[in-house]
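Chemist: According to Swiss-Prot, the protein carries these features:
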ACT_SITE  C404  active site, nucleophile
ACT_SITE  H448  active site
ACT_SITE  D464  active site
TOPO_DOM  1-6  topological domain 'Cytoplasmic'
TOPO_DOM  28-50  topological domain 'Periplasmic'
TOPO_DOM  96-103  topological domain 'Periplasmic'
TOPO_DOM  146-158  topological domain 'Cytoplasmic'
TOPO_DOM  180-548  topological domain 'Periplasmic'
TOPO_DOM  570-668  topological domain 'Cytoplasmic'
TRANSMEM  7-27  transmembrane segment
TRANSMEM  51-71  transmembrane segment
TRANSMEM  75-95  transmembrane segment
TRANSMEM  104-124  transmembrane segment
TRANSMEM  125-145  transmembrane segment
TRANSMEM  159-179  transmembrane segment
TRANSMEM  549-569  transmembrane segment
Amino acid sequence: MNAIPRVALVWLLVAQVLVILPHLAYMPLWIAAMWLGCAAWRVQVFRMRAGYPRAWVKLALALLAGAGVWLSRGSLVGLDAGAVLLIAAFILKLVEMKTRRDALVLVFLGFFAVVVGYLFDDGFLAALYSLLPVTALLAALIGLQQSAFASRPWPTLRLAGGLLLQALPLMLLLFLFFPRLGPLWSLPMPGNKGVTGLSESMAPGDIAELGRSAELAFRVRFEGALPPREQLYWRALTMERFDGRRWAQAPQWSGEDALHWQKRGPELRYDVIMQPSSQPWLFALDVAQTDQTDTRLMSDFHLQRRQPVEQRLFYRVSSWPQALRESSIDPRTRWRNLQLPMHGNPRARALADELRQAHAQPQALVAALLQRFNHEPFAYTLKPPATGADGVDDFLFDTRSGFCAHYAGAMAFVLRAAGIPARVVAGYQGGELNPAGNYLLVHQFDAHAWVEYWQPEQGWLSVDPTYQVAPERIEQGLEQALAGDSEYLADAPLSPLRYRGLPWLNDMRLAWDSLNYGWQRWVLAYQGEQQGAFLQRWFGGLDPTRLGLLLGAAAILSVGLLALFLLKPWQGRGDLRSRQLRRFERLLEMHGLRRSPGEGLRSYGERAARVLPAQAPAIAAFVGAFEAQRYGHGGADDPGLRLRALRRALPWRLVRTPTRDGRGEEQA
């Protein structure tokens, strides 16, 4: 009685394949080899051609699995190593499984492994796929409660699917109303190792490397009209330190006392879904305020969280691009934004002196420097020539080829040398409009650098020297600015972004991205603050008491509707036998046996038994039970049970062969 039924074993094997398959994307290949070996062993045990492993064999297998995790991950702790250990235990449990209790443990391990998979991929496609292993695991769970003589797996699968559909209303209620509790602890996500994106320091060629990447940085949806593309400068961080080669971020502080700015111009409101970056800063237009309680506006006007962004983050922002930022600055900030190395780049310093002597007003000097970039033969490229120790000199006077970081770094250097406080801002510019969802896609190749310089009474002013060399980069995007450049998206040769010239393929790409965006915005982003806003909007807010009453009422309503669906009280009980008879006739009609007008039930059953001799006992049992119930005293077997037995006994596939009466005969 405690043996594992064949149907349950079949679905356990199928479920293991479906559970393990998505994990193989980030797990060592020996996991797949381990499953193949253990599955073959378990099948041989079921066929009584092999025995269960002994204690020393199980110990050896466990030690080998642990050694494999250590060699492939370098540790036995942490989320990455723990996931591999979980899958290894899930596989090894299959071999030692003897009783139904062991099988239950395996099923619950499978459900847990499905949930762990969301830590590595929580996209829409992964969520859709997870329905397959969950259904198979539920079928295995149902199979464990069935008779050992049940041999067909498909009815069990249909029952599992039906149970999942019945659970949908309760799932939706819990999703909408169950309080979101914060985690007790957090771990860095292993999937974010080697994330492509901006870093806290910048050499001239660093941002150019991002032009080779097609990875997504974030998505943005505006309330109202979309601003012009040339106004979309997404600030990430500000770089104020320069060592002669690299620009780097200086220490920043936050707080109302540290920020001096005034709102001016129209307010822009928008939502951002940011991809994991493993960095603490958020992307926003100037000057930004957000609804994130753990995020602050820093003294250089960039948004920063307390913790790095290790998973997709949804946040709302209000920005004032025309705001006045620091009409006066303290001496420390001024000194930091005038700082230059003592030596190096003499020609750039001489150019700064020349411009300062020719232009008394700082804005005139800035305009003259921009005009120099515009009129002289500078080139915009992802693969500029290498420069020496005096990189600014080499770029301005020799190579004259570079990416946005070259132009921003060189301009900030010259402005500082001319006595104008200046700094480099790193972030993203522009974005691709997805008309299917009316939102912007900002990719890593949209990474950009520009310059801010400070003027009394006017505060920090933004200027982009790249616009003077390649205006199409700002107005149309990087693809238009680098048409024909082999380095563009060089790290993504198969990216659909390379084929935006094919309308049908581009439309498919945007439609799929819109589906993913909706999943992330309305499902993954439905957390504490978003849930509170939803409840406030539709229910005027819910305290714990009202929430409990609402959930209780919803649960009672769901159970009542489910009971109505299952019991169908509107169908009269007196007509039950007629419905069973009609089901019996439809079942045989599916196999080519239609009841003739005026043909009695017993004659119909005898004819069906001749055509389907293998199912003759089941047919006779139903006819006998039906006649006893209809014409006897109701003490015989339930014909409904006999009908289900007949349905299980009928063959899956039949081939028609001619008979003497010409009606045809079905053979398995």
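Placement of Cβ uses the backbone N, Cα and C atoms for every residue, glycine included.
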Chemist: Please check if the transmembrane segment (104-124) comes into contact with the transmembrane segment (7-27), where contact means 3 or more CB pairs closer than 8 Å and the residues in each pair are separated by 6 or more positions.
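Modeler: They do touch: at least three Cβ pairs between the two stretches lie under 8 Å.
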Chemist: Using Cα coordinates, what distance in whole Å links C404 (active site, nucleophile) and H448 (active site)?
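Modeler: Checking the Cα atoms of C404 (active site, nucleophile) and H448 (active site) gives a distance of 6 Å.
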Chemist: Work out the three-state DSSP category of D464 (active site).
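Modeler: Going by the DSSP assignment, D464 (active site) belongs to neither helix nor strand, so it counts as coil.
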Chemist: Which listed range (7-27, 125-145, 159-179) shows the maximal number of Cβ pairs under 8 Å with respect to the transmembrane segment (75-95)?
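Modeler: Ranked by Cβ pairs under 8 Å, first place goes to 7-27.
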Chemist: So what's the average pLDDT for the topological domain 'Periplasmic' (180-548)?
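Modeler: Averaged over the topological domain 'Periplasmic' (180-548), per-residue pLDDT gives 86.
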Chemist: Determine, to the nearest whole angstrom, how far the Cα atom of H448 (active site) is from the Cα atom of D464 (active site).
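Modeler: It is 10 Å, counting Cα to Cα.
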Chemist: Taking the Cβ of D464 (active site) as centre, how many other Cβ atoms lie within 10 Å?
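Modeler: Neighbour count, Cβ to Cβ under the 10 Å cut-off: 23.
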Chemist: Do any residues of this chain, six or more beyond the ends of the topological domain 'Periplasmic' (28-50), have a C-beta under 8 angstroms from a C-beta of it, and if so which?
Modeler: 6, 9, 13, 16-17, 20, 65, 68, 72, 84, 87-88, 91-92, 94-95, 97
